[in-house]
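Visitor: So TrEMBL has the following annotated:
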DOMAIN    503-626  domain 'STAS'
TRANSMEM  76-93  transmembrane segment
TRANSMEM  124-140  transmembrane segment
TRANSMEM  152-174  transmembrane segment
TRANSMEM  186-213  transmembrane segment
TRANSMEM  262-282  transmembrane segment
TRANSMEM  354-373  transmembrane segment
TRANSMEM  385-407  transmembrane segment
TRANSMEM  413-433  transmembrane segment
TRANSMEM  445-475  transmembrane segment
Amino acid sequence: MGNADYECPHRVAIPPSKPLFKALQSSFKETLFPDDPFRQFKNQPLAKKFMLGLQYFVPILEWAPRYTFEFFKADLIAGITIASLAVPQGISYANLANLPPILGLYSSFVPPLVYAMLGSSRDLAVGTVAVASLLISSLLGKEVSPYENPTLYLHLAFTATFFAGIFQASLGILRLGFIVDFLSHATILGFMGGAATVVCLQQLKGILGLIHFTHETDIVSVMRAVFGQKHQWRWESAVLGCCFLSFLLLTKYFSKRKPTFFWINAMAPLTSVILGSLLVFLTHAEKHGVQVIGHLKKGINPLSVSELAFGSPYLSSAIKTGIITGIIGLAEGVAVGRSFATFKNYHIDGNKEMIAFGMMNIAGSCTSCYLTAGPFSRTAVNFNAGCKTAVSNIVMATAVMITLLFLTPLFHYTPLVVLSSIIIAAMLGIIDYEAAIHLWNIDKFDFVVCMGAYTGVVFFSVEVGLVVAVTLSLLRVLLFVARPRTFALGNIPNSMAYRSIDQYPIANNVPGVLILQIDAPIYFANSNYLRERIQRWIYEEEEKLKSSGQTSLQYIILDLSAVGSIDTSGISMLEEVKKNSDSKGLKLVLANPRSEVIKKLDKSKFIESIGQEWIYLTVAEAVAACNFMLHSCKPNPAAVELQGRENMV
C-alpha cells in the first residue's frame, strides 16, 4: 500500500543517460578545465586560432599592442623602485641560502624577463624569497657542506632549481594546480610564520659577528649555538646591526602610517647598504670584527647548463629540494598575485602562472640563478609604486643588469650585518600574529593547523614543519569527507521553508516525521558513519517522543539537496537504512535528490525498492505527503508490512 491517493504537484525527473564517451568527456572537462580556456577558439579561422594560442601561452603578445607611453612612465618609476629593493634583498637572500651573493643579483635579472613575457599578473614582482632560500640551505646543507664543498653545493642548487621549474611547469601544463590548493591558508600562514622565525634566528650569526654557526634550524640548536659562543660576540657588529635594524623598522612603520611615502620603506634597504658600506670603508671596520661581502664578479649571468648535476650521487636530494621549494614558491607566488589582482579587479590564470614560474626557473637554472618566485614585500612595493603591467619587471631587470655590469665593486665593503638586518626586517612582516588571532576567533581547527605548522618548523625542522602542515591540511579534508554534518530540520512558522533546528530554534518539529539533511556527497569513506548517525538520530527521536508522550515516529525524510554525488557504497548505505527503517515500521522518504544521485539510484533499482511515489522534489512536498497519510487515517505502508510479517510469524 502506498500513497497513491496523494496527488504530488511535481515528480522528480530522472535525467536521460549520456553515452559513455560523452559522460567521460564532460567529467574530464569539469575536472581539469573549469574555466573552459578553449571557448575563445570556437568558430575562429585557423590563423586566428594560431594567434590566440600564442597569446594564451605568451600573454605579452596580447597586451603589448595596447601598451601606451603613460603606462611606461608608471612602470618605469615602479621598476626603478623595486630594483632598489631587489639588489640588497637579492644579495641578502643568496647569503641566507649559503650561495655566492652575486647569485642574488643574477636571479633578479633573467627570471623577471621570462615572467614578463609569460606571466598573467600585472603586479607581481619576481625575485628570490627568504623561505625558499632557507629551504635550500636546510635541505641541501644536510647532504653537502656549502663551506667544505661549495662547488658541488652550488651545482646542486642549480639542479634543484631546474627540477622545481620542471615540476611547476608540469602542474600548469597538465592543469593540476589544484594540488597546491591542498595547502590551506592556515597551513601557509603557520609554515611561513615559522620559517620567518627560523630565518630571523639564523641572522643572529650576522648580527653578533659569529664565524661558526649551527647548520640546524630549530630554535634549541640555534640558541645553543648563540649562547655557547658568548666569548666570540662582537659588540661592534651588534651595535651596527641594532642601529640598521631600528632604521629599517622605523621606515617601515612610517610608510605604513603614511602610505604615500611607501618609497621611503622601499629605498631603506639600499640606503642601509650604502651607509653601511661607507661606514666600513671610512672606519676600516672590517679589521675590527665586522664581516663584509668582499669581491663580487662583474658581468651578467654566465651559462650554467653544464653545471646541472644530473649525474651526482645527491641527485635525489636535489629533486626533493626542487619539488618542496617549487610547491612553496607556487603557493606563495600565486596567492600574492591573486591578492593584488583582486585590488585592481582583474583575474589571473593559476595554471598560466605555474607555467610562467616553471619556465623562469628552468631558464634561471641554466643562467646561474637559483629559485625565484613572487615575494610579497617586493610585489607590495611594485603595487604601491603604481605599476601598470609586467614591464616593471623588465625595468627592474635592466637596472640589475646595469648593476652587474658596472656597480658590483661598490658592494665590496657591504657589511654582512646590514644584510642580516634587512632579512630580519623583511621577515618580521611575514610573522602575522593578527591573522593567527583571527583564525582563533573564526575557526579553532584552522588555528590548530596554523600553530601545528609553526611549531613543527620552529621546534623541529623546516621539513618536519612542512610535513605537519600538509598532514594537518589533508586530515581536515579527510574529516570533511569522512565525517559530514547531518542536521534535523524543522518548519519555519508561517512558511514552507525547512531549516536546521540548531540554527533556527523557532523551527517546529513535524509530528510523526523526522527530517534529516545530509550535508555532503555520500562515498565509501563516509557511508558507514552516515548509516550509524542516521540510526542514532532515529533512536534519539523515538526516545524523545516516548518520554514526552507525543505521536510516535512514522516517517524518515532524507533531504538530499546537498548530496552532489553518491557511489555504490552510498547506495548500499541507503538500502541498509531502508531495511532498518522497515524493520521498525518506519517509512523512508527521499527529498530533492540531485541529477547524479537520482540516476544512480535508478540504475541500482533502489527507486523500485523504495517506490517512485516516495521521492519528492522538495522537503515541503514530502512533509505534505506524510501528513496526508497520517491525517487520512491511512496506515504507514512500512508499519502494515511489518504487522503482516509479525502475523505470519
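Heads up, residue numbers simply count up from 1 along the chain you see.
Cβ atoms here come from the backbone N, Cα and C positions, even for glycine.
Just so you know, TrEMBL annotations are computer predictions that nobody has curated.
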Visitor: Would you kindly list the residues that approach the transmembrane segment (152-174) from elsewhere in its chain, counting only those six or more residues past its ends and only Cβ-Cβ distances under 8 Å?
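Guide: Sequence-distant neighbours of the transmembrane segment (152-174): 32, 97-100, 136, 139-141, 143-146, 180, 304, 307-310, 312, 314-315, 317-319, 321-323, 325-327, 329-330, 351-366, 368-371.
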Visitor: Does the structure show the transmembrane segment (186-213) and the transmembrane segment (124-140) touching, where I'm treating 3 or more Cβ pairs under 8 angstroms (sequence separation 6 or more) as a contact?
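Guide: Yes, the transmembrane segment (186-213) and the transmembrane segment (124-140) are in contact.
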Visitor: Please work out which recorded stretch in 76-93, 124-140, 262-282, 413-433, 445-475 has the most C-beta pairs separated by under 8 angstroms from the transmembrane segment (385-407)?
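Guide: Per the Cβ under 8 Å count, 76-93.
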Visitor: Count the Cβ pairs between the transmembrane segment (354-373) and the transmembrane segment (445-475) that lie under 8 angstroms and are 6 or more residues apart in sequence, then report whether there are at least 3.
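Guide: The answer is no, given that the two segments have fewer than 3 Cβ pairs within the 8 Å cut-off.
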Visitor: Could you tell me how many residues in the domain 'STAS' (503-626) are helical, how many are strand and how many are coil under DSSP?
Guide: 63 helix, 21 strand, 40 coil
Visitor: Six or more residues beyond either end and a Cβ under 8 Å away: which residues meet both conditions relative to the transmembrane segment (445-475)?
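Guide: Tertiary neighbours of the transmembrane segment (445-475) are 134-135, 138-139, 182-191, 193-195, 197-198, 216-220, 324, 328, 436, 439.
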